[in-house]
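*Asks:* Here it is, the structure in full.
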Amino acid sequence: MTEPLLRVDGVSHAFGGVYAVREVDIDVAYGELRAVIGPNGAGKSTLFNLVGGQLAVRTGAIVLAGTRVDRLPAHRRARLGIGVVFQGARIFRGMTALENAMVGAHAVTGGGFAGAVFRLPVHRREEREIRQSAREALARVGLAGWADRPAESLPLGQQRALQVARALCGRPRLLLLDEPAAGLRAAERDALARLFEELKTSGLTMVVIEHDVAFVTRLADRVTVLDLGRVIAEGTPATVRADPAVVAAYLGTGVHA
Amino acid sequence: MARRAPAVAVGVGTLALPPLLSGSHLTVYILLGLAVMVTVGLSLLMGYAGQVSLGQASFYAIGGYTAGLLSVHSLPPVLGLLAAPLVSAAFAVVVGIPLLRLRGHHLAFATLAMQLILLSLVARADWAGGAIGLQGIPRLSVGGYEFADDISYAYLVWAAVVLTLLVARNIVASRPGRGLRALASGETAAAASGVPVGRYRLAVFALSAAFAGLAGGIYAFYLGYLAPGSFPVLLSIEYVVMAVVGGLGTLWGALVGATAIILLVQVLNTLGTQPGMPGYAPSVLSYAVYAVLLVLVVIFLPHGIVPAVRARLTRRASSGAV
């Protein structure tokens, strides 16, 4: 078996003695679109934050392409290729959509304060490249026409897409998304699904954490089901849907798949 | 082109003014320039990096004492002037590493405490002149040229203002500037985008200290005398008021805010020292004006003067076009 792009190995995390994530193992292969589903309180967002670096990993290991990342702060993980799209709309207010996307390029650029102050040639070239790559990222998510708008003036669907553009600007090897379809209208949801298909075709590996089972099982290569912090099932969408443990976990919340 | 017009007008006015001003007005003009330098740094810190410092006058003091002490010990004054921003920035890095773990009000109070500690240490330090002050600081000379009269200091100060504005503008409009604005808006999302949040906070804190330090160095040579009493806590608060009144997150705001406050304080000072006014009138008036002005700005112009004017101009332009 070849080395996976992402390996989550025996990761546990407790809040005040209550385990939100317990001994979770997940391997995600290169180019895969993995859905992580589960009912409310299953530990999905905790897992997202542990991989992204927003929560400290105390037990277990997280390995990206052979490199241990679980001790690294979030900005270092971004540099190693973990791009994240948060729940809701964590855009940078007071900046245009283009500037928001340009911030994402921090993960792949290095220009510091001195270069900026003295406007060194290397700085000017890097600025041009950042602007170019941000415009491409906006075009890729369908926001080319919104570049100069203040980010907070965009509708929710576009703000979500802007977060994706920002992450893409950091040229991630792994894109991690936390409930990207939540709160979106049907048309926005379809646009998002089309975007995921395009990104997948381009070879990007994605982990999509989702409450809405129908939305992701349509797109995913494999599905991991969490319940009460543990992995209770894993496999193709069809096998997972047929799994009695999954049906039991979702009983009461209702399976739409 | 129209966007550049205000900048050109301010530039021409700045250059034309010094020969036209009388002695005491020229002093105000110089002190205004120094205040603008400190406020530009503070505006960067507060407006772009979302941090409040109530101890900015400490860096002004450190810059002043660095320049003063070095040149009193017969080093070339220009070395003192160059060392002033560097020593202030270095001090900011040393205190910033523990302090910047704090946020919001906690950071504000910690920087205030930093200034109180510094002032009492300086007052006890005989090698720095103690409470009496450091005297006999020579005038600044660069090469063969001595900055002897007030007009030369006026030009020196405003050249330094231009320098700080340029440095600040170049940073704001670049990769680190975007990182700073991002972290002011949301630290978690900024870090996840690859912005090294801790390092950036420290860098902008040091940069704001360097601006204040450079201003302090010029102040030392201009006055030729420094004492702990020259850097009261009220001065730090004054800088915050200037930055807020002008408008955080706009570099022009620092210029407008500092000018508005200094002119107002002058008017009130003149008023307070009129014959027949009680002896405490000037200080009461100046405290009162900060309080009232800050309250009024927060209520009526919550984003400060410059953003309010800009919004009005944009509205007028768009309604005129329709």
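Note that Cβ sites are derived from N, Cα and C of the backbone, with glycine treated the same way.
The transmembrane segment annotation in TrEMBL covers B:26-45, B:81-100, B:107-132, B:152-172, B:203-227, B:239-267, B:287-309.
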*Asks:* Excluding the flanking five residues on each side, which residues at least 6 beyond the ends of the transmembrane segment (B:81-100) place their CB within less than 8 Å of a CB in that stretch?
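*Replies:* Same-chain contacts beyond the flanks: 51, 58-60, 62-64, 66-67, 70, 107, 110-111, 114, 140, 198, 201-202, 205-214, 216-218, 220-221.
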*Asks:* Looking at B:26-45, B:107-132, B:152-172, B:287-309, which one has the highest count of Cβ pairs under 8 angstroms to the transmembrane segment (B:203-227)?
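*Replies:* The stretch with the most contacts is B:26-45.
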*Asks:* Considering only Cβ pairs under 8 Å, which range in B:107-132, B:239-267, B:287-309 makes the most contacts with the transmembrane segment (B:152-172)?
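*Replies:* Ranking B:107-132, B:239-267, B:287-309 by Cβ pairs under 8 Å to the transmembrane segment (B:152-172) puts B:239-267 first.
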